[in-house]
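Notes follow the structure.
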Amino acid sequence: MSAAPPRRVVICGGGVVGACTAYFLATHAASPTVPTLVERCAPACAASGKAGGFLALDWCDSTPALSRLARASFALHRRLADALGGADAYGFRPVHTLSVLLPPHPAASSSPPHPLLPPWVDPSASAAPPRELGTPDTTAQVHPGLFTKAVLAASGAEVVIGEVERVAVAWDGRVAGVVVKGRDGVLDADAVVLALGPWSGRLEVVSEVFDVSGLKAHSIVLRPREPEKVTPHCLFLSYQPEPGAKMLDPEVYPRPTGEVYICGMSKDENPPDDPATITGEPDSIAMLHKIAGKVSSQLKKEEGAEVVAEQACYLPCTADGLPVIGEIPGVKGCYVATGHSCWGILNGPATGAALAELILDGKAKIVDLEPFSPARFLKRRSRRGV
């Protein structure tokens, strides 16, 4: 006889992974379970609210395990958009995706623009013919903050605002709940999910098994002079600011709201304790504005573009580049999901669905979680004698 599914699930982290886990727990066919979610500041207040929201079917195909996760998640995004009215609720839409080489210096172009280049992009912005990277069948987008909040709201989860101090573990090695700063006692749980992005490693139960590092990424959001002229074309740019300088790889995502999101300028850096204190670095923000102006006169501040946001966030990274999804070795009922790097919004749904199956059914069916198990790091530490 199989064990009964847990009745009390506490999710730590109100980003896309935590929200999707809450949704799939609550909508589980056989054992629907509405969880409690603990979030330090507000749902989607960190990377899940400041990411680009780009979705790709097959861009992870070079890594088989990640390919299966990404393809399952891309399909789930379409299903969720149908179920939750994603087009209106959080800007879900298929997009065209292009690779564009920006010239280092302004160039007057007498030749007609390349037919692949959308009309809102200046003809002089492309130093070579653009390449098609994705079609509306293989690439799409969401507004990540709105998506995260919509999925969380649909789950019906109780949201507790507070900082998770530690995971409480019973004498028999089974999870007992979480301790929240400033809250008396333990928030009882039969199962705990740690989905705290780059902050996951601050908890001892995680840091004893593996490390999570941060990658600081900058972004700006602009409202162009004529937003109605901006078409759903996502641009992956290559740009060398000066001869001999490092090649930059910024990205441009127009949104259905008429806003345009531009990101790039990343560096390895661990996040501060409080997500609410994160700010962008002036030089990185200035470079993104420079790049935006090279792409389109519609995106130049001096020509009427409105600055909606200048911001930064931290992406969670692991030593081997793969996410960590599964039960933490030695702590029965304590699960972790982090390390998705720049693919967190894409892979959030399949991660949440797989965790819900693992917690309620005892095994994930939507995708094989073995390659993502935190136990893989125990083997490596053992080989190193750690």
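Using N, Cα and C of the backbone, Cβ positions are placed for all residues, glycine too.
Database features (Swiss-Prot):
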BINDING   14-17, 39-40, 51-53, 174-176, LYS332, 344-345, GLY362, ALA364  FAD binding site
REGION    109-138  region 'Disordered'
COMPBIAS  112-121  compositional bias 'Pro residues'
BINDING   TYR253, TYR261, LYS332, GLY362  D-serine binding site
BINDING   TYR261, LYS332, GLY362  D-proline binding site
BINDING   LYS332, GLY362  D-dopa binding site
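Swiss-Prot feature annotations superimposed on the structure.
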| residue | record | DSSP class |
| --- | --- | --- |
| GLY14 | FAD binding site | coil |
| ALA51 | FAD binding site | coil |
| ARG174 | FAD binding site | strand |
| TYR253 | D-serine binding site | strand |
| TYR261 | D-serine binding site | strand |
| LYS332 | FAD binding site | strand |
| GLY362 | FAD binding site | coil |
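TYR261 (D-serine binding site) and LYS332 (FAD binding site) have their C-alpha atoms 42 Å apart, to the nearest angstrom. Rounded to the nearest whole angstrom, the C-alpha distance between LYS332 (FAD binding site) and TYR253 (D-serine binding site) is 42.
Within the set TYR253, TYR261, LYS332, GLY362 that the record links to D-serine, no two Cα atoms are more than 42 Å apart, and one pair reaches that distance. With helix defined as DSSP H, G or I and strand as E or B, the compositional bias 'Pro residues' (112-121) counts 0 helix, 0 strand, 10 coil. Between the candidate binding-site residues, VAL17, ALA51, the densest Cβ environment within 10 Å is the one around VAL17. In the structure shown, the C-beta of GLY14 has more C-beta neighbours within 10 angstroms than that of any other entry among the binding-site residues GLY14, GLY362.
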